[in-house]
Structures are given as C-alpha cells and as structure tokens.
Amino acid sequence: MLTSDPSESTAHLQRTISNLSARNAKLAELLKASRDKLSILQDQLEDLAAPPSTYGTFLEFSGGRETAEVFTAGRHMRLRISPDVEKAELVPGVQVRLGEASQVVEVCDISTTGQLATLVELLADNRGLICDHTGEERVVKLAAALTEGVDKLPKAGDTLLVDPRAGYAFEVIPKTEVSTLALEEVPDVTYADIGGLNSQIELIHDAVELPFTQPDLYRAYDLKPPKGVLLYGPPGCGKTLIAKAVANSLAQRIGAGNRSYFINVKGPELLNKYVGETERRIRLIFERARELAEEGRPVIVFFDEMESIFRTRGSGVSSDMETTVVPQLLTELDGVESLSNVIIIGATNREELIDPAILRPGRLDVKIRVERPDKQAARDVFARHLKQNIPTAEPIDSLINNAVDHLYADNPYVELSLIDGSTEILHYRDFVSGAMIANIVDRAKKCAIKDHIAGRHSGVASEHLIAAINAENHESEDLPNTSNPDDWSRIIGRHGLRVAHARVLGGQR
C-alpha cells in the first residue's frame, strides 16, 4: 500500500529490493549446486558408458620412443603413447593400461602373477633359457626388475615368475628349486648328542674332517680325500644324526668367518614322473654344491634313503628310471667339473638295493656300518637322554642300569625257521635302536609328569622306564609282519640263510 510520505515509500521499496536480492542470491547458489551435481552425475554417466580398459605388457619402445610394443589379449601390437604418460616409467615387463583408442594411457606395476619356471642358463641381451614343469625349454626376456639396479642377476636354478605368451620373466621367486629339495643350514647336532657310536664317529671323522682340517698333510702325502661315504645299517640307529654332526663339527672347526654347508637332499622328493626331471634336479643340486664350495668352504651333500633313487639298474625292482638317474650321479662324481670341497654322504637301510657302480672305490669310497646298540652302547644312549638336570626319583645310574637290564632281558619275540631246517629265536633286544631308546625315555618322562600331577611322586623312576619299554615293545612299528619272513632278518640287520617261516612267540610285557 502506497503512502503519501515519500520517505516511507522509499524505505519500503529498499526493503523489498533487499529481500528480492537475498532470494535471488539463494536461487543462484541453489542453481550452481544443481549444476555441479548435474556435472558430477554426467561425468559418472560417461564413466559408466565408457568402454572397458584393457591391460597389456610393455615390451620395448619403437619408432623413436613415440610408440610402444605391447603384448595384450594374446597379440603383439604397436601402440601410441599418451602425452600424459611419463616415458621414464615405461620399462620392459611393466603392465600398462590401454585407452579406448588402444593407446597407452597409464603405467601400472610389474606383473605379480603368472607361471613358474626354472632358469637353466643366462643368455646375452638380458635373455634366459627356462624350463617349465613339463620339461619344455624356451627363451624369454628378463624384465627390467631383474636386470636394472640389482646387486646380482638371477642364477641357474632360480625359480622365475614368467608370462610364456609375452615371453618375459618378471621376478625371482625367493625359494629356488634346489632349496625345495635341500636344506642348507648347518644342523645343531653334535657328536656329544650321539651315544654308542664312537667307532663309527671315529671312522667318519678320519674320512671327512681330516682332509679339511689337515689339507697341507694331504697334499704332502699326495692323498686325495674320499668323494663320498655310505652309512648303512638297520633303521633308527643314528645314520642321519652322524651326517648332521659331521656338518656341525666342520662348521665349528673352520670358524664362524668361513661357514660350511649341509645340503640335506630329501631322496623321494627328487623323483618326478616327467622324463629327465629327476636327472635335472640332481644336476641343480651339484651345481649349487659347487657354487657353495668356492673359496674352500666345505659342503656336505647328504642323500637320505639313498636306495629310493639309486637302485640297481636292470633289477626289475622298480621302473626303468634308475637307468638314467644312476648314470647322472656317476657323471657328477666322475665328471670333468671338479667336486673339490664337496663330500657326498649317503644313508640307507637297504644297501643291497643300491647300484654297485655307485659303491665302488673312487665314488662312495668309505662304507661304514651303523650297528644296533649293545648293552654298553644302550647305556650311553640312555645317558644322552637322561641328563643331570632332569628330575629323577632315584640316581640316574640306577635308572639306566635297570632300564638296560630289562630291555636286554631274555624276552623272545619270534622264531625264524631257516631254509636249512634250523631255527633261530629273536628277542626284543634284537630290535633295539637309538631312536627306540629315545622314544622309551620320552614315554617315561610323560608317565613321570602324569604321576607328578596326580601327586604320587616326583621325578622319573625305574617303573616309568620299565613300563615305557613294555609299551614300546608292544607298539613298536619297527617290526614287519610275517607275510615276508625275510623282512625279519633285514630289519635286525642280519644277512645269511633265507628265512622260510616266522612264528611270533610273544613275550613278557
């Protein structure tokens, strides 16, 4: 409503203008926010409508660094590089993202997935000869991550991550194929941990350690150290322990600054169904041994369960695999490449199955039989496991004497009928081994702990050891069944007349 007073009209109009200006500012702000939201939605819509990006492997520059050779979708292509891409980041083997026009628009990381292959040999021009799990060999290029800014190049035997279609290897997988079959750490077993095998320890000390500790004397007498040692005998009697103790002793003798190595080859895991794979793995093991033996460092290659790999050729006991595996080992032992500072130690409880060519002088020169422990040796083994710091209910000497007397008592187990008509009684004592004694002591300790918890008495007692011996005799898995009577003679380590029949007698338990 207009008034006659001009001043009031002016004030009213100014208020109206101010309100309209404020409303207009709010509308402008809302319009701007709507436009921004619409722009975001439009961008999202465009992103959703955009074609999918593809990825490829950058191989090399071409055309004066203006184009790139890229392997993508199973095809080798030459593509343009977007100006937004930093060309310094484009290194061989890196993953790149391709735009709608098949243009390199983004540099990604080096590929982290692919197939595994073993490097056989390094070639010129950053290439390598690889072998896959089927035994097929091919040549691939090594990505920049393997050749640029690294302390050392990949070596033969390394496991590589490869893309066989692109023809590139991207990464060294830390676990080499040799390390999957072997353990290079020096064991912590010492001669003091082995009981009842003093004569065998002395023999292997003379055969293995003297050449490394007295090299000047060996050269003066023009005497070459043995290439290998065979430890054979019944199972569970300390063959593997001796080999580990030798490696530990060598490490102690030569000092911390020049360590020794113990390559423990897991025999059955060497076997492979593909032709030539087992032989190739043996070559890799000896290549690794020669590499470690540089600069005079002693290396022990220990083959456990040796008969599983190197059986007599033409025996018909297994497949024809041994006809090529045995010659491969003989080649490594007698080959042109020297095995200096490398000692082969083999362990087996079936020495009759090993090919004689491996056992002849000049190969496995020293053969040491590891016998089952007698009463005195058994006392020594018990003493290794019943140490002074272990709680006992009576003197340790008394415990050991009572246990040994019970273990070696006249307790018949089986009657063997030989082919000449004679018979032989085997007692439980004929099956005693160091591993069995260790298990007996562990059983006794467990019984002592249970008695201590029950509040009866504290410490290992003779009754615990005797109960453990009885339980071990009853449950021992060392004894074969009677379906093959000759197994009884083999398991106790006797060789003579063939067994025609075995009759279980049982015994006092």
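Even glycines carry a Cβ here, placed using N, Cα and C.
What Swiss-Prot annotates here:
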- G236, C237, G238, K239, T240, L241: ATP binding site (BINDING)
- 11-50: coiled coil (COILED)
Note = Same-chain residues at least 6 beyond the ends of the coiled coil (11-50) with a Cβ under 8 Å from one of its Cβ atoms are 100
Ask   = What three-state secondary structure does DSSP assign to T240 (ATP binding site)?
value = helix
Key: Close in space, distant in sequence - K239 (ATP binding site), Cβ under 8 Å, 6 or more apart   = L231, Y232, G233, A347, T348, N349, V370
Inquiry  = Quick check: which same-chain residues outside G236, C237, G238, K239, T240, L241 lie with their CB within 8 A of the centre of the ATP site CB atoms?
reply    = L231, P235, I242, A347, V370, S433, G434, A435
Note = The most crowded of the binding-site residues C237, L241, judged by neighbouring Cβ atoms within 10 Å of its own Cβ, is C237
Ask   = Across all protein chains in the structure, which of the binding-site residues G236, G238 has the highest Cβ count within 10 Å?
value = G238
